[in-house]
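Visitor: Pulled these from TrEMBL:
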DOMAIN    A:510-633  domain 'STAS'
TRANSMEM  A:119-142  transmembrane segment
TRANSMEM  A:162-182  transmembrane segment
TRANSMEM  A:188-207  transmembrane segment
TRANSMEM  A:242-261  transmembrane segment
TRANSMEM  A:268-289  transmembrane segment
TRANSMEM  A:328-349  transmembrane segment
TRANSMEM  A:361-380  transmembrane segment
TRANSMEM  A:400-418  transmembrane segment
TRANSMEM  A:425-447  transmembrane segment
TRANSMEM  A:453-486  transmembrane segment
Protein chains: 2
Amino acid sequence: MDTQSLSYSHPRTSPYKVGVPPKQKFWKEFTTSLKETFLSDDPLRPFKDQPVPRKFILGVQAVFPILEWGRNYNLSKFKGDLIAGLTIASLCIPQDIGYAKLANLAPQYGLYSSFVPPLVYALMGSSRDIAIGPVAVVSLLLGTLLRDEIDPVKNPVEYRRLAFTATFFAGITQAALGILRLGFLIDFLSHAAIVGFMGGAAITIALQQLKGFLGIKKFTKNTDIISVLQSVFSSAHHGWNWLTILIGAAFLVFLLAAKYIGKRNRKFFWVPAIAPLISVILSTFLVYITHADKRGVDIVKHIEKGINHPSVKDIYFTGDYLLKGVRIGIVAGMVALTEAVAIGRTFAAMKDYQIDGNKEMIALGAMNIAGSLTSCYVATGSFSRSAVNFMAGCQTAVSNIVMSIVVLLTLLFITPLFEYTPNAILSSIIISAVIGLIDFDAAILIWKIDKFDFVACIGAFFGVVFVSVEIGLLIAVSISFAKLLLQVTRPRTALLGKIPRTNVYRNIQQYPEATKVPGVLIIRVDSAIYFSNSNYIRERLLRWLTDEDEKLKSGGLPRIQFLVVEMSPVTDIDTSGIHALEELFKSLEKRHVQLILANPGPVVMHKLHASKFANLIGEDKIFLTVAEAIETCSPKFAEED
Amino acid sequence: MDTQSLSYSHPRTSPYKVGVPPKQKFWKEFTTSLKETFLSDDPLRPFKDQPVPRKFILGVQAVFPILEWGRNYNLSKFKGDLIAGLTIASLCIPQDIGYAKLANLAPQYGLYSSFVPPLVYALMGSSRDIAIGPVAVVSLLLGTLLRDEIDPVKNPVEYRRLAFTATFFAGITQAALGILRLGFLIDFLSHAAIVGFMGGAAITIALQQLKGFLGIKKFTKNTDIISVLQSVFSSAHHGWNWLTILIGAAFLVFLLAAKYIGKRNRKFFWVPAIAPLISVILSTFLVYITHADKRGVDIVKHIEKGINHPSVKDIYFTGDYLLKGVRIGIVAGMVALTEAVAIGRTFAAMKDYQIDGNKEMIALGAMNIAGSLTSCYVATGSFSRSAVNFMAGCQTAVSNIVMSIVVLLTLLFITPLFEYTPNAILSSIIISAVIGLIDFDAAILIWKIDKFDFVACIGAFFGVVFVSVEIGLLIAVSISFAKLLLQVTRPRTALLGKIPRTNVYRNIQQYPEATKVPGVLIIRVDSAIYFSNSNYIRERLLRWLTDEDEKLKSGGLPRIQFLVVEMSPVTDIDTSGIHALEELFKSLEKRHVQLILANPGPVVMHKLHASKFANLIGEDKIFLTVAEAIETCSPKFAEED
């Protein structure tokens, strides 16, 4: 390589001094990092320098965004919201009835949950596109967790009371996370884990529908695939009702065809949106005139007419069930939150407006608390209905109000008409709805991008499908955490070489044309040095040295005399890290190798000085860049190069 | 600034292409990362290319290092070991008796634990300096945890059985961590947390000694400082025994003076080492001839003569106590391990030999399993005795064998002589021993280096002192984890500027002389981009942009047109991270700001390509260095500069 390259960029002058940042006061450092953790979005910014009455108005508006956007509301916006609201209402009514069954509750509770929570959300929420109501995954999760405690068939009243208790504490959890500004906690469930979990839940829910779809009377209470398939096949020769299957299959084909049409041409988004309601109407009429219910076709039979009862007195505020309700509420609340926030973010990014995560959590929490007091169970944002809402041209949360009013009218006047609705249709509707939760493309992309993420994804999937929803969730969270911990335990290190005709040192693996500098080993440490990895980093650096020395020895080349540690990615170091550096320095001294540091950042420089390590190795062994380190420390080698 | 600087180093040619590493096969990638995690020390290296019989011998030697170093053992080494062994034996005998009381066991169990475990360790361990036996902190922890389950006064037999059960599972835990190569798990307890925990434990232990020291009969069972001081002062006017206090205080002064002499002049290290035994002998003789035990001075009364009984049948392998034993064993085993490994590492670094952490854990585990079968409780490496061992000139683990033989002879012949030893002396010995665990200097250094570490340290300390040992431990672990999670949730970002007369871009906070490039915002992201921080990073980058634009606007300067993200520290990115980049790109497009990436590493480059993000922003927007990015993308600005 050309010897010119090294000299033209850096005239041999004294090296540039590595900056030590001015020492910050402890209190300032502490408050800054606290602010960055909890108030990173600077929520008080608009309040700054405002008179008191204005601050009050801003405060109220912050809690009820409707006061802000409501002032600019107009007829053209309402047109969009009305159409969107009617569309999602027609979609949600049949879904609600089905989802309530997933939660082992009577059908009207699904409708109740599409009445009160959307209203509260419309006042407090900041997403314009989310459609609020019961959703499949949360219903299933809640149903499974509740049934572990109380049998819904034997003790329906206690079961329902525990459901309201769990809903109440789900709301408290959500609101608390928002108020305490701990919203970032839900970021700990990785995208990959959610994809796997949702896919698994979709399959589990679809499998559960086989009961209604095949008209099986005796069905397992477990949700894992093996128990369910055993249940299905053991009842094959006498338990299946062929008329039920016929009706269910016919309408399932209709629903899937509608879905396909909607997917092919986005103009026809309304086809899959109203198909469920059409199916319900048609099939109900069909059963009513053919008396199919007499021939073994299971029907809904009874939905209570009228609006929600107050349920404050039903919530367990004392006793054994309080703790169970709290536990179930926390789990269901977190999962519901994850779904709602993901939806909110997705659509906000599409329309380019901001969602305040913490505020959103308070809104969702308030809506579930209000719901739990009015006979609703946990509601959240629904993926499928939000997409329909968006495509139908919703403008604001008013579409949720429209939907809520339609549900109210349904509860007041129409519920008796659902008497002859066959359960098989509800099953078909749920099956066609949850199929959309299985995201093959996302799973394939995850496989391509990150194998470890894929393990999390598939782990969560299998956990849900083969064991249970909770276990799947547990696996998802554990693998996500394991990944984070692995990152801070076994950070990467890279051997650097000089890129030809530049002054730049880069990873030799990435740039095979980069050349090593004889007698010098340049290693980049790719992580903050903390107690969790300090010993590993020290050992790894020594291992690099041993390996390289062995190679050089077998090649008859001179041994390594300088170890340059490129510290650019080392953003922080703690006391254990400093200890490890000291030990490294001692070991290197014994081997007659000089330790040199390149580009330590401000925090690291500060701590190297505070701990006197900078004095130990010598200030003149710390350089601004690898290039300067190489040049100044081993001029002999640099010129020989 | 001089306009020369930018042009002389980079002749305006086409920018250097950022390398995309050759795609690795999934299987290879997977095994490499697995190997780095679990086999980072490459334990099978010596076995490579060896004939089978040689492999067998190496394998046996790997389990029993004594077979390796034993062959070079000679008389001069034995001289060192003999003196060191006798010294630590004289120190351990009185300590053992006292520590057994901390664990609520009869005194002989302390001596038993200094007989069998050191022998096993000598065969299997790789540290040459560690002194094995019961230690204060583990004894206290074990005693507290066991007493929560069984009252040692009412049910001494069951209590003892549970102690052996816990010891057995402590050994199993330690050995399992070593065999499964999960030794790195103990790195999760940070240095700072250990300093705080040890300091707190020392104070708690010293406070517990007030019972023996003041001769109080009725003493609280809690270990927190408030309960203990209440106990002490409420018994002040009738419960204290003045003769006891006189004896205890006199010998405490003697012990502390001995300690001081040993510290002042390292030649006299043996003075504090034999002072405890001298105290015991003197005080026992004194009590015997003055009949002080008749005047309320508590004495040891009885130590069983003879060697350890087998205790295999005492271990609970079934029933309720099995699970409790497992739980206590895991906690005690981990804490014991932490202490032993820290000692091993410290002395290995001093004498510059290697300790294999995982092998060491297997040795410690085997020794505790063997101990649990022979009436011993959890033994580990003792800080104070190891230091004495080192200073007395030990050469190998043979000093442990010498100590063990002395303890054996004590058990066989001398124990009846301890009958008249006053408990106050044992308390004085323990107090003077644990004082050394309070490491003020370390705490001050931690404060100087890292405030967050200090919070972990002081949290653990207060947890132990004001609540209990378990709570202190829990606080220590939680804060350590919180720190790691915070690092991956709220990574740092830095605004970069150009350092005058170079081509180097660095943090403006660290180098205030660095200058911003007009129209360009250069931000460095200081962490891997993962699901846990991807949203934060996206928001933070946008916030940097908004803040800078506002500043520029108020100064009447042109707005930002390019956002250069320096990716050098971004060692990895996952699917959530890619999503965040995509969303960032969309938001920037809406603001007419061009996104540019500088120096993505090999893994990141690979994933940017796999996800097609590189195509989305354009391959020509990814540069090798910030300098090239600035130059090529905004030649206008670069020249104006």
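Positions of Cβ are set from backbone N, Cα and C atoms, glycine also.
Keep in mind that TrEMBL annotations are predicted by a computer and have not been checked by a curator.
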Visitor: Can you tell me which parts of the same chain pack against the transmembrane segment (A:453-486), counting only residues 6+ beyond its ends and a CB-CB cutoff under 8 A?
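Guide: Answer is 137, 140-141, 144-145, 188-197, 199-201, 203-204, 222-226, 331, 335, 443, 446-447, 532.
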Visitor: I'd like to know the mean pLDDT over the domain 'STAS' (A:510-633).
Guide: 87
Visitor: In the domain 'STAS' (A:510-633), how many residues does DSSP put in helix, strand and coil?
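Guide: Secondary-structure composition of the domain 'STAS' (A:510-633): 62 helix, 21 strand, 41 coil.
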Visitor: Where, among A:119-142, A:268-289, A:328-349, do we find the most CB pairs under 8 A to the transmembrane segment (A:400-418)?
Guide: A:119-142
Visitor: Where among A:162-182, A:188-207, A:242-261, A:361-380, A:425-447 do we find the most Cβ pairs under 8 Å to the transmembrane segment (A:268-289)?
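Guide: Checked against A:162-182, A:188-207, A:242-261, A:361-380, A:425-447; highest Cβ contact count belongs to A:242-261.
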Visitor: For the transmembrane segment (A:242-261) and the transmembrane segment (A:361-380), check the count of CB pairs under 8 Å (sequence separation 6 or more) and say whether it reaches 3 or more.
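Guide: These two stretches do not touch.
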Visitor: Which residues of the same chain, at least 6 past either end of the transmembrane segment (A:188-207), have a Cβ under 8 Å from a Cβ in it?
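Guide: Same-chain contacts beyond the flanks: 102, 136-137, 140-141, 223-225, 228-229, 338, 342, 430-431, 434-439, 442-443, 446, 450, 453-454, 456-465, 469, 472-473, 476-477, 479-481, 483-484.
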Visitor: Rank A:119-142, A:328-349, A:361-380, A:425-447 by Cβ pairs under 8 Å to the transmembrane segment (A:162-182) and hand me the top one.
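Guide: So the stretch in question is A:361-380.
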Visitor: Does the transmembrane segment (A:425-447) make contact with the transmembrane segment (A:328-349) through 3 or more Cβ pairs under 8 Å, each pair 6 or more apart in sequence?
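Guide: Stretch pair does not touch.
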